[in-house]
Ligand code: ADP
Ligand code: AMP
């Protein structure tokens, strides 16, 4: 099962990714999480990525494509994987297809979680994340069971630096210009499935499962 999650920032990709990865036993690969880990470890990649992420811009394709190709070459991706936040440009999508072609493989489903712009600001400014595992919470819609502690790994819950109103607006513009063209890209390949992401988290997950089926 090889899946891509598409949708604007704040659509609920990371939230659904955790649930899908658990149910279908496939690794959840989030480029945002990979960059954030590199930032906290102050690696050369992290230092470069931070300057773009803080402004709400995309990290350049040259840096992003290589880290995904390396990650997909790991043994745990042989059975399948779930990409969250990648691809974000047509160039990244083409590079992914090239990588998979070379392994005689392809994407099974590109799931687009659709959420109108008016929902997004509240979702993103209220988002809190686990510093250790990246799990996503919301102060109103999905608070952790114990305040300040991740339900999954007990890590500390923090607010992302790029979840301010100003940066969210920039990220939405970047999404419209650079990432939204991927909707047509995957439509052309007949792999696009559109999911209404405005309902409650478990209802959205149910719609995802209806598309993916019960197979592992
Ligand atoms: P993305 O990974 O697409 O940027 P997240 O999964 O981090 O988005 O979700 C953004 C915010 O919205 C988080 O605070 C999350 O808890 C909340 N959220 C996710 N899905 C829903 C939903 N269906 N209804 C309400 N809030 C949601
Ligand atoms: P996310 O965690 O998916 O919301 O991503 C946070 C930030 O990481 C984005 O705003 C970008 O700056 C950067 N980023 C994540 N994935 C990509 C990608 N595929 N291409 C370029 N930049 C990315």
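Heads up, the Cβ atoms here are built off N, Cα and C, so glycines get one too.
Just so you know, TrEMBL annotations are computer predictions that nobody has curated.
Of the given residue ranges 88-125, 126-163, TrEMBL assigns the label region 'LID' to 126-163. Site annotation (TrEMBL, ligand ATP) includes 10, 11, 12, 13, 14, 15, 127, 136, 137; from 199, 214, the additional listed residue is 199. Long-range neighbours of residue 10 (ATP binding site) (same chain, six or more residues apart, CB within less than 8 Å of its CB): 115, 119, 120, 121, 123, 124, 127, 168. Cβ-based neighbour count (10 Å, all protein chains) for residue 57 (AMP binding site) stands at 16. Sequence-distant neighbours of residue 31 (AMP binding site) (same chain, 6+ residues apart, CB-CB distance under 8 A): 59, 64, 67, 68, 83, 84, 85, 86, 88. When the Cα atoms are compared, residue 130 (Zn(2+) binding site) and residue 137 (ATP binding site) turn out to be 8 Å apart.
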